[in-house]
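Visitor: Handing you this structure, nothing more for now.
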Amino acid sequence: MDNGESSSTNNSSRPWESYNTVFTNAKAGMEGVDKEKVQRVVYEMSKGSKYFQNEERKEALMKQKIEHMRDRCAKLSSLDLSNYQKVVDKRILELEATRDLSRIWLHVDMDAFYAAVETLSDPSIKGKPMAVGGLSMISTANYEARKFGVRAAMPGFIARKLCPDLIFVPVDFTKYTHYSDLTRKVFRNYDPHFIAGSLDEAYLDITEVCRERGLSGGEIAEELRSSVYSETGLTCSAGVAANRLLAKVCSDINKPNGQFVLQNDRSTVMTFVSFLPVRKIGGIGKVTEHILKDALGIKTCEEMVQKGSLLYALFSQSSADFFLSVGLGLGGTNTPQVRSRKSISSERTFAATGDERLLYSKLDELAEMLSHDMKKEGLTARTLTLKLKTASFEIRSRAVSLQRYTCSSDDILKHATKLLKAELPVSVRLIGLRMSQFVEEIRNSDPSQGTITKFIVQKDSSRQAQDLDDNDSFDLDANKNCLSNDESGNVSFGSHETSSAHLKDVVEYEERSQIDSGKVIPNQECMKKEERLQILEGDSLLKKYKECKPDTSHSMNDNSNATEAVSVFPQTEPLYWIDGYKCVLCGIELPPSFVEERQEHSDFHLAQRLQNEETGSSSSTTPSKRRILGKEKVNSKPKKQKPDQKDSSKHIPIHAFFTKSNQNSNETQRK
């Protein structure tokens, strides 16, 4: 009793000890940092702010998930666990059969890339603590600054508090892109088909180079790092292993300017991963780490195998497969098939402001940048999406279907201005623009037919009768878990995104509903609001809560051009897949590992809704409210109708041939 009182008193007098954010997580070069001091400073500087309130909300949701997971775990009987262990044993044999130790993968990561480039440009700041960014947000920090606890994605005013002598250098993406291109010239000498994770990292399959030249993976890594330094004057670190997942982990071991080689031997790999903290794995972020550790007692990768029965009992099969693969040291070994781009975007983070002139100026810059990138890649698109992050960290998205395909900065700015105007007045800390629905997609395929051929519906009657609460799943791409930056890359200052290669925490960005006895957990803020139709970024889909009214507080002005159908969806919740694999809108089943297909499926629903709105705006009849596979397709040339099809509006929609799950029955039967 006394111990409990003492602990409670200690927590109230030292509240920062329980305050964990992305800023308090160690990166390379932060090993000797006084973590308690960093926690205290971040806590004191953030307390009472909108960011602080948002972090508290997320912390409460995370604790709720942990308690929910504990409750479910406690309900499992020994017989349940025994049956799930049989599943685990069988799955281990199947996964082991896929182990490939014949490939040699190299992951190369530039050392504090932005900061290193700036130091190269201005040698006077060499050896001094510096950060790229400003007082509102920093993109990265050099190793001298990291010793004080300064790191990427940290507000500059907090970084200045931690390190009073910190030097700020403004972001210059033109410069970083130039040096990135130089490094990639070197990479192509070793693997013409290397995978670029971002501007400053890449994955190379060096199997053939090693075989042809009779060199080991370590020797090739040493040579490549030397070549990068000769070409750019910048240092990099490398990891060599049998697959991409392990290679990425290895590249972080001897940072900066070092390398680590993990031999292609099963026993060596198993020993390596046995004591590896789960947080070291790409795709496992703060939320997943805490759920695994606090709810299931899993701290290391080895324990994922030891407690595999719990994972398969409590998570979706795809998520459990990922965790089990990690515990076995398995990862991607084949070069992923090149896929066509589905969208292209640019965004900027800055100090929260409601100054309309400044916001329009930022929008102008983004339109120019996006147009430049599209012209560079020969792209024209028709769907424009505006993304806003408000001062209170609420994400809002607006989309418009343009009258023609374009890559013109004037066209982009014209429509983006209308979208922004509809949101004003608002205080914003991030603006982003994205173009999707490229003309190539329309010319080369029928959207509806393409979806049917790619997404085969496989129904499991036992799953249909299962309550959502019985299968809490996590979204992630098991094949691409090592193809992304640290989660902080998604909140870096002035990020310039032209691809969707960012993998987020497998739990933190899946705020899907947890259902207990038919009731939604009450603490989720969005549940208390009126229904909002949402268009979400990345691989997100439209989400709908039943028996609520639409929120029209952010709708477009009545004087909007009728031919430009605008959809307004404040983004307050991430994607929603029933049982972790079933689209809530149309019932199509897509495993979490199909990240690109989910993105395309999301874009299809968005485009279809915009098309329906366009049709409805020119028709006197009330448009259908069903958000399912559409009745029309977008094409530059009208498709010829069959002789017996006199009225295209009377055709039987393709979705009528598919059986919907119980969760979607109300949606699809509504007229």
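Note that Cβ sites are derived from N, Cα and C of the backbone, with glycine treated the same way.
What Swiss-Prot shows for this protein is this:
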type: BINDING; residues: D109, D200; note: Mg(2+) binding site
type: SITE; residues: Y114; note: site 'Substrate discrimination'
type: ACT_SITE; residues: E201; note: active site
type: BINDING; residues: C583, C586, H601, H605; note: Zn(2+) binding site
type: REGION; residues: 607-671; note: region 'Disordered'
type: MOTIF; residues: 625-632; note: motif 'Nuclear localization signal'
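If you look at the structure here, what lies around each of the features I listed?
Guide: The C-beta environment of D200 (Mg(2+) binding site), restricted to residues of the same chain at least 6 apart in sequence and closer than 8 Å, consists of D109, M110, F113, Y114, S180, T183.
Over all protein chains present, the Cβ of Y114 (site 'Substrate discrimination') has 29 other Cβ atoms lying within 10 Å. In three-state terms derived from DSSP, Y114 (site 'Substrate discrimination') belongs to a helical segment.
Just so you know, the Cβ of C583 (Zn(2+) binding site) picks up 25 other Cβ atoms within 10 Å once every protein chain is counted.
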Visitor: Which site among D109, E201 has the most other CB atoms no more than 10 Å from its CB, taking these as recorded positions?
Guide: E201
Visitor: Tell me whether C586 (Zn(2+) binding site) sits in a helix, a strand or coil according to DSSP.
Guide: coil
Visitor: At the Cα level, what's the spacing in Å between C583 (Zn(2+) binding site) and E201 (active site), rounded?
Guide: 33
Visitor: How far is it from C586 (Zn(2+) binding site) to E201 (active site), counting Cα to Cα, in Å?
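Guide: Between the alpha carbons of C586 (Zn(2+) binding site) and E201 (active site) there are 38 Å.
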